[in-house]
Amino acid sequence: TPPSLREAKLLAARLLLGRVRKSFNVPPSAEFVARPVGICSMLRLPVRASADGLDAAFVGVPLDTGTSNRPGARFGPRQIRAESAMVRRYNASTRAAPFDSLLVADVGDVNVNLYNLPASCRLIREAFQKIVASGCVPLTLGGDHTITYPILQAVAEKHGPVGLVHVDAHTDTGDRALGEKIYHGTPFRRCVDEGLLDCSRVVQIGIRGSSYAPDPYKYCREQGFRVVLAEDCWLKSLVPLMAEVRQQMGAKPVYISFDIDGLDPAYAPGTGTPEIAGLTPSQALEIIRGCKGLNIVGCDLVEVAPMYDVSGNTALLGANLLFEMLCVLPRVKTM
């Protein structure tokens with residue numbers, strides 16, 4: 001191609017992107033801007049100081065003070081952002097066009113206190129109260145699973161008790177550890193205590209692993225949760241399960257909380273409490289895509305600890321799953 005014609009095509013593409021950006025933020029194409037160029041933001045989106053005026057926002061919570069095994073999830077948001085440079089504008093499989101539908105940006109990180117877990121929970125709750133009050137749907141990059149508790153405090157303050165699609169190896173419904181009531185094994189117990197969840201609309205998928213009690217899921221069943229064990233998901237599509245979940249959730253507000261250890265450590269080794277024989281990435285996509293049509297008011301992807309996976313694949317999975325969550329938000333159009 002002659003240089004003049006090539007330059008004309010580049011100029012036309014930039015003008016087209018410029019027209020789109022008057023209404024929406026669009027991730028830059030690697031055809032025109034090299035992936036390593038620019039500030040490291042989620043999906044290479046603009047970084048905004050607040051969620052005001054946004055339809056959806058990516059927000060990092062770099063906290064791992066609540067971990068019970070291997071630390072490191074405080075570095076999850078940073079690595080997820082770095083790996084998200086590979087994620088493009090459209091979802092070619094589902095035909096979702098989130099950036100043609102919603103105004104989305106990265107609003108940075110909550111300034112947590114790494115030395116005081118209760119104080120961090122307060123800081124997280126206050127930050128998300130502002131995000132939710134603005135009418136913006138938060139998509140959170142964790143951080144350990146403790147963070148979901150203060151996030152749901154903020155979400156339920158606006159929407160009332162919410163339904164929950166929870167993907168995890170663990171139910172995270174413990175009561176105490178080492179005398180403490182707040183850590184990454186207790187968030188959903190605390191949420192039940194405070195009436196933040198509509199317990200008849202809670203589904204936990206991928207649960208597995210050894211336990212300290214002969215009936216580790218007794219508490220969940222008593223609350224009315226549906227617990228789907230990982231072994232009940234082996235070697236099968238989860239599309240039928242998600243049809244049942246959609247019916248159960250109905251039209252009321254729903255929150256998605258996805259612990260990366262819900263996936264088998266063969267696919268996602270970069271996490272603090274890995275359990276063998278978990279879900280596959282394709283099943284993870286079936287779960288998230290199966291939430292399309294629900295009244296989703298918030299999402300999170302937690303427990304990515306990058307130093308246990310030098311390949312970056314765990315964070316890459318996390319980035320793609322967050323993109324999939326964005327694609328199933330209400331008002332996202334299809335091509």
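Backbone N, Cα and C define each Cβ position, glycine as well.
Taken from TrEMBL, the feature Mn(2+) binding site covers His145, Asp168, His170, Asp172, Asp259, Asp261.
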Residue among the binding-site residues Asp172, Asp259, Asp261 whose Cβ has the most other Cβ atoms within 10 Å: Asp261
Same-chain residues at least 6 apart in sequence whose Cβ lies under 8 Å from His170 (Mn(2+) binding site): Gly185, Ile207, Gly209, Asp259, Asp261, Thr273, Glu275
Least buried by Cβ count (within 10 Å) of the binding-site residues His145, Asp168: Asp168
Env. residues of Mn(2+) site, Cβ within 8 Å of mean position of His145, Asp168, His170, Asp172, Asp259, Asp261 Cβ: His166, Ala169, Thr171, His184, Gly262, Thr273, Val302, Glu303
